[in-house]
Amino acid sequence: MSAAAAGRGERLNHAGNPGHRSKYSRVLLKLGGEMFGGGQVGLDLDVVAQVARQIAEVVRGGVQVAVVIGGGNFFRGAQLQQRGMERTRSDYMGMLGTVMNSLALQDFLEKEGIATRVQTAITMGQVAEPYLPLRAVRHLEKGRVVIFGAGMGLPYFSTDTTAAQRALEIGADVVLMAKAVDGVFVEDPRVNPEAELLTAISHREVIDRGLRVADATAFSLCMDNGMPILVFNLLTNGNIARAVAGEKIGTLVTT
């Protein structure tokens with residue numbers, strides 16, 4: 001845990017009572033857009049509601065939560081490029097998809113009674129705040145969830161890289177990378193159900209072995225700055241709280 005996190009100490013929940021003890025005080029949660037669609041194009045509102053309930057649980061326990069969501073349930077820039085679209089334009093379409101996901105999650109979090117702000121890297125003042133890291137930190141300190149939409153606002157950068165960069169800029173303790181699998185495997189578990197799950201690994205080894213968890217740029221950025229990544233299964237209810245508490249789930253990636 002960072003020195004800043006240690007200084008924050010045990011936080012109070014909204015009722016003024018000591019929150020559950022957590023390993024991390026401020027986390028960046030990375031959500032894949034494809035999970036928001038339940039494997040289809042568009043939004044699966046049952047999935048969004050379940051994710052919102054899990055996030056609300058840890059926020060009530062006093063943990064500061066920022067979120068980055070992909071847009072793969074609407075558009076994936078690289079795939080659109082393969083179909084003949086110009087890459088820059090298709091990436092911007094993907095960024096707009098992340099904003100739609102961000103607004104949906106904001107709505108369900110607020111239904112859970114959690115104050116939530118969306119900040120976007122592309123200015124769209126009628127629906128979200130602009131991305132301002134100092135303001136984002138102030139929101140977090142006040143117990144609000146902050147969702148970062150529109151990726152980096154630049155083509156050719158994935159939302160995985162956005163998650164790493166935003167985590168560093170807001171002083172998060174860890175990137176919680178939520179997936180539809182239990183963690184990092186030596187092989188694709190969808191191809192080989194007997195593939196070995198790694199409980200711990202270094203950033204360098206992930207990059208050198210070409211393990212396809214997230215893009216190499218995101219892992220390199222975290223490696224260079226000592227940012228741990230916990231890869232875990234979002235589809236198991238309660239796993240966000242388990243991850244924040246430091247329970248042994250998923251795969252912990254460290255320098």
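For all residues, glycine too, the Cβ spot is worked out from N, Cα and C.
What Swiss-Prot says about this one:
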type	residues	note
BINDING	K30, L31, G32, G33, G72, R76, F185, D188	ATP binding site
BINDING	G71, D91, M152, G153, L154, P155, Y156, F157, S158, T159	UMP binding site
REGION	1-21	region 'Disordered'
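Features per Swiss-Prot, on structure.
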residue	record	DSSP (3 states)
K30	ATP binding site	strand
G72	ATP binding site	coil
M152	UMP binding site	coil
F185	ATP binding site	strand
For G72 (ATP binding site), the one of M152, L154, Y156, S158 that lies nearest, given that the binding-site residues are compared by Cα: S158
Candidates G71, M152, L154, Y156, S158 (binding-site residues) - the one closest to L31 (ATP binding site) by CA: G71
Distant-in-sequence Cβ neighbours of G32 (ATP binding site), under 8 Å, six or more positions away: I69, G70, G72, A178, K179, A180
Please name which of the binding-site residues listed here, K30, F185, D188, is nearest in space to S158 (UMP binding site), Cα against Cα. K30
Would you work out the biggest C-alpha to C-alpha distance among G71, D91, M152, G153, L154, P155, Y156, F157, S158, T159, the residues that bind UMP according to the record, and give it in angstrom as a whole number? 14
Compare the Cα of D188 (ATP binding site) against each of the binding-site residues M152, L154, Y156 and report the nearest. Y156
Min neighbour Cβ count (10 Å) across binding-site residues G71, G72 flags G72
Closest of G71, M152, L154, Y156 to F185 (ATP binding site), Cα positions, binding-site residues only: G71
